[in-house]
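**Q** First, the structure itself, so that you have it in front of you.
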């Protein structure tokens, strides 16, 4: 496979290294977060974004905080560890991968509680690195599982950015597209611009073009027309949280695309790692939806586009009911309706399908 060389998040002795996604596509800038507080700010300010990437980054931020903690006893380290985890948990509420990563690091800390402090610190760093590698492997498995579902030829629409930039590498929805192209399929990607943060226009187009994949950017309100004209044969998106019944929380505008796809008889696929599946949340109505600063809507590239004092709504995500979802692609396999049964069955399978 030709793998993307984009390094979204990396561990270094100096801290957690992130590509600043707020600067793309015109500038490729890397920032080093030297403290766990700086990592938390980077997540909140969307220097790093995408549910899997947020989870990996949070794990590394926790490891960084533990490594550098000025604690002389286990009790002191545990107290600091709790504060670090709380700080990470307050960054972004919708992406369940964030809380999955925090819980995993918490379990690891408790497993190590009888070890010397130096060992605890080293092992916590190792656990974060393991999460990073596991995410890449999961994305590649997702790509294999989803590539067979893509058309042998034609247009594939994607919304937001669910690629290497949203993960530790390779991508979820874009991983499926990458794997399909690498298998010889002749795919043309249509990337919704994805207002208001423009992840499709800025990020998806940037990374697909780096890989030489045929890509066309369209504005969000063009999707229906493209479908009606027969230019779209499939839709594949990522997810920030998937409920037990298959309802999908993803970037705002995903619900609209799903309804349009259903109307035009076009399959709508969701690609996400198992850490995005939240079997403890029964349906989409229970998923918290992050509300972001209205300035993201009122301003584009620093220029105000709306009248002063107009009211603004800026939910970062919407929920697509499972009835619009053709299949959910994970590293463990592909789930189809009824999702409450198929997702439970996948929960019992191996972590990564062969």
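If you go along the chain as it appears here, the first residue is 1 and each next one adds 1.
Including glycine, each Cβ sits where the backbone N, Cα and C put it.
Taken from Swiss-Prot, the feature substrate binding site covers 49, 50, 51, 92, 199, 250, 251. Marked as site 'Transition state stabilizer' by Swiss-Prot on the basis of sequence analysis: 160. Per Swiss-Prot, active site, proton donor is recorded for 240, and the stated evidence type is sequence analysis.
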**Q** For residue 240 (active site, proton donor), which of the listed recorded positions (92, 160, 199, 251) have their CA atom within 10 A of its CA?
**A** 251
**Q** Among all the protein chains here, how many other CB atoms are within 10 A of the CB of residue 51 (substrate binding site)?
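**A** Its Cβ has 28 other Cβ atoms within 10 Å.
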**Q** Rounded to a whole number, how many Å is the Cα of residue 251 (substrate binding site) away from the Cα of residue 160 (site 'Transition state stabilizer')?
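**A** Residue 251 (substrate binding site) to residue 160 (site 'Transition state stabilizer'), Cα-Cα distance: 6 Å.
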**Q** Please report the distance from the Cα of residue 199 (substrate binding site) to the Cα of residue 160 (site 'Transition state stabilizer'), rounded to the nearest angstrom.
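**A** Checking the Cα atoms of residue 199 (substrate binding site) and residue 160 (site 'Transition state stabilizer') gives a distance of 5 Å.
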**Q** Sort residue 49 (substrate binding site) into helix, strand or coil using the DSSP assignment.
**A** coil
**Q** Give me the sequence-ordered set of same-chain residues, not including 49, 50, 51, 92, 199, 250, 251, with a C-beta within 8 angstroms of the centroid of the substrate site's C-beta atoms.
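**A** Sorted by sequence, the hits are 54, 95, 160, 161, 162, 166, 238, 240, 316, 317.
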**Q** What's the CA to CA span in angstrom from residue 250 (substrate binding site) over to residue 160 (site 'Transition state stabilizer')?
**A** 9
**Q** If you pair up every Cα among 49, 50, 51, 92, 199, 250, 251, the residues annotated as binding substrate, what's the maximum separation in angstrom, rounded to an integer?
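**A** Farthest Cα pair among residues binding substrate: 17 Å.
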**Q** According to DSSP, does residue 160 (site 'Transition state stabilizer') sit in a helix, a strand, or coil?
**A** coil
